[in-house]
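The block underneath contains the structure these notes are about, expressed in structure tokens.
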Amino acid sequence: MENWTGRPWLYLLLLLSLPQLCLDQEVLSGHSLQTPTEEGQGPEGVWGPWVQWASCSQPCGVGVQRRSRTCQLPTVQLHPSLPLPPRPPRHPEALLPRGQGPRPQTSPETLPLYRTQSRGRGGPLRGPASHLGREETQEIRAARRSRLRDPIKPGMFGYGRVPFALPLHRNRRHPRSPPRSELSLISSRGEEAIPSPTPRAEPFSANGSPQTELPPTELSVHTPSPQAEPLSPETAQTEVAPRTRPAPLRHHPRAQASGTEPPSPTHSLGEGGFFRASPQPRRPSSQGWASPQVAGRRPDPFPSVPRGRGQQGQGPWGTGGTPHGPRLEPDPQHPGAWLPLLSNGPHASSLWSLFAPSSPIPRCSGESEQLRACSQAPCPPEQPDPRALQCAAFNSQEFMGQLYQWEPFTEVQGSQRCELNCRPRGFRFYVRHTEKVQDGTLCQPGAPDICVAGRCLSPGCDGILGSGRRPDGCGVCGGDDSTCRLVSGNLTDRGGPLGYQKILWIPAGALRLQIAQLRPSSNYLALRGPGGRSIINGNWAVDPPGSYRAGGTVFRYNRPPREEGKGESLSAEGPTTQPVDVYMIFQEENPGVFYQYVISSPPPILENPTPEPPVPQLQPEILRVEPPLAPAPRPARTPGTLQRQVRIPQMPAPPHPRTPLGSPAAYWKRVGHSACSASCGKGVWRPIFLCISRESGEELDERSCAAGARPPASPEPCHGTPCPPYWEAGEWTSCSRSCGPGTQHRQLQCRQEFGGGGSSVPPERCGHLPRPNITQSCQLRLCGHWEVGSPWSQCSVRCGRGQRSRQVRCVGNNGDEVSEQECASGPPQPPSREACDMGPCTTAWFHSDWSSKCSAECGTGIQRRSVVCLGSGAALGPGQGEAGAGTGQSCPTGSRPPDMRACSLGPCERTWRWYTGPWGECSSECGSGTQRRDIICVSKLGTEFNVTSPSNCSHLPRPPALQPCQGQACQDRWFSTPWSPCSRSCQGGTQTREVQCLSTNQTLSTRCPPQLRPSRKRPCNSQPCSQRPDDQCKDSSPHCPLVVQARLCVYPYYTATCCRSCAHVLERSPQDPS
């Protein structure tokens, strides 16, 4: 029945829309009245002022401060002294200065001002109805974005309701004041509404010229959106003059089942014959917002107050609920007319704006929030750092069924530095408890970087975290070296009188200073700070080289030695925070001073700067109100006075929904989805698409829609209720024993599946479930056993106590020998060695034969033999004859046979022999030379040797005492004369000689090595003069004269044998020139 009652009204609405279709063709053929806009973009806005910095995030130590700003639409100034212009266009381009025109677009197509009811998405800003067209794919939306023209409906762009609907005819004589949530138009004092005989809207292009004349319109009633703030009881109903009964919208039963049907408001006839629209909860629909419309007239959406980004979701009047645009009040002369006052109540100013539901959100380039580090008072020493406190917060929470004492784990890099990684005390693993630490936590100890929102931010030179600004070459924060200026020169004036003379002034902000004398001089550089305070070389005192702080920086004073050929110098990195003066203490003429520094210079001021384009000053448009009766003529006004007539701007009605040329008559619409694949936790479902008619919105056969344009029914995640908790057991550990019975362990935790996946929950949630075992017995294989591999061996001795052994091994189940550790758990190992007793031993002395040689060639000598004590089992070693070690027995010492005896080969006879000494050095260091040795005749009688006269050995052949020798190849070398006699016979004297360098042919040369030159002088006769041989120094051989004669006193043997004779030789030797 509902379909039959609504169909006539639909036909009537189509007939009334035909004139508008013709008008649309004219508008499209002429100049465009629409704002070229791209989806997802708004007009250019301006940043509001920064709010004050918030308080520090930490009570002590280092924290973070925040501040923000909002993006606002450009304000429009009101100049009462200028005449009111015609109504400006509703596009952001209309705010540009005259002559500039709109911005260039990448596409010649433009978006319509109104949105057709067949689309669910109407523009760059989305309100409660913004998701009506989400079922369309991105490809379809992009293809039809520039072709469809949709009407702008209340609540479409973020406001959610229309705060005011103005009736053009009122039957009440006593108008009531509108509620706070309704927008009121109030006229100024002493001025009345002047209706226009022919209401017209005059949209203007960028250059201000009118383009198209629009037909008169009336306002319609729209119920508020459920997303907006609730209406008060007195504002929950809105009165409108009844013209015709609105046609109810038709919806498909399947769409209703899927929850996409927007319920229509209920209408009742109230007092005075007015309709009352009661607000009902609304849902988005592909057919737009259902609102009662007056038959024969098209609704005129009311302009809204622009809102910034920070005002979204605060209702039509911001936070306070009070309109900041012009208020509407009834005109006393015309009860049905409403005039606006240019007063904003508590916020009265020269700004002018109207509440428009189609006002877009402005877009601004740049950052809307800034953060900086803040330093509070140092935290108490006993208080842990913030990261330790955050880890300690998990001490009372079980992890893997156990409580731990958590401490920070900071041995991480990169993005993990801002994660809360904690390590249980005494364990060798760490856990990431949260993905980000609290804002203001240091990324790592001792570093300036701070964690904010899980990111490690470094402070820039401006103090803002993450700004990335660095000082340029001249110290400008975030500069590009464009303002850097190098100041340098040479001071070559000869100088004035002696003393301090100012030579250079260094301004504040100077960097990389270099001041140096060109050459060494007796002059000194001096430095003075503000007020003439001496810093370097002041008060006629010369300071040592070093570092000195002045002007906010550190100056390095250098005074090199004069040998380097450099003068004094002063240098500093800067920047200087105060100006400093450089002086010279003149003591001679100026050798020249070089100086240079870098400073940031401000941009040059042009003599005739180009004026900046003025901010567009738009006057408030004249808003015309339709009178309740016949229009009255406009009263004349005095020339030169400002007309403050106010009227409501008339807007073209939205075109009737129709299918654009070239678009299919039907489209695929998402009406729901299949059941979730999981009854609990996370699952998937598939969307359901139906073929819908664009004209009627009814379901069509699938063949009416293009098969290629059907969106893919891709699976989408769905979330059900949480699943029941369950015990989750980990993997069993390895068996505690490699063989034999052992135990295994595993971890057990209570888990529960939610929509986002499974996670650990407290074990109490699984208390009603049987708890699985966490330990179990295990046996990998049987252990090995000990096996005796051989019998006992023979005893190590033949008699007495000894040792015997056998082979014992660990054998596995397969009979192979295995490690002894596998038998450790079984019976003890059998012994592999033990003691043995072979009975008492019998002992006796055994000896060998006497040696065949006598120890002496003549006279009495000694013969030897071996004597041992032997038992019946083994022989005793040396020294065991009496003790019998190892046998427990011993041989009788009294019966031990002797092991030595005397022998004689007859009496000895004296013999003589020649004895030769060692060869001496070669007489020539190079070339051919000779070697000498000593030869003496020695008599032997038994073991006694005596040196005798060489005549006693004359019967024997004498060995040679001289032989030739060959040295190295001859080179120039040093030659010396014999030493001269000692200058003193005792108590020290000197000897001298001549030294010359001779070549191989015995001529003087200078090519001898100087380091090998022999000494020309030496000491001699250093003994005391009273020294005499003592009585104990005697000659013990009668042949001492021969020893002296043969020069054998150099040998220790002869020195001891012939002590007195050799002592006299030593007394005379220093005087011997040879």
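In case you wondered, yes, glycine gets a Cβ from its N, Cα and C as well.
Taken from Swiss-Prot, the feature signal peptide applies to 1-24, supported by sequence analysis. What Swiss-Prot lists as domain 'TSP type-1 1' is 48-93. Per Swiss-Prot, the feature region 'Disordered' maps to 77-342. Sequence annotations record features per position, and here Swiss-Prot assigns compositional bias 'Gly residues' to 310-323. Annotated domain 'TSP type-1 2' per Swiss-Prot: 723-782, in sequence order. Residues or ranges marked as domain 'TSP type-1 3' by Swiss-Prot: 783-842. Under the heading domain 'TSP type-1 4', Swiss-Prot lists 845-909. Feature annotation from Swiss-Prot assigns domain 'TSP type-1 5' to 910-969; the stated evidence is sequence analysis. Annotated domain 'TSP type-1 6' per Swiss-Prot: 970-1026, in sequence order, evidence recorded as sequence analysis. According to Swiss-Prot, the domain 'PLAC' annotation covers 1029-1066.
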DSSP-assigned states of the domain 'TSP type-1 6' (970-1026) in counts, ordered helix, strand, coil: 3 helix, 17 strand, 37 coil
Residues of the domain 'TSP type-1 3' (783-842) by DSSP state, where helix covers H, G and I: 4 helix, 19 strand, 37 coil
Per-state residue totals over the domain 'TSP type-1 5' (910-969) - DSSP helix, strand, coil: 4 helix, 30 strand, 26 coil
Secondary structure tally of the domain 'PLAC' (1029-1066) (DSSP, helix then strand then coil): 20 helix, 2 strand, 16 coil
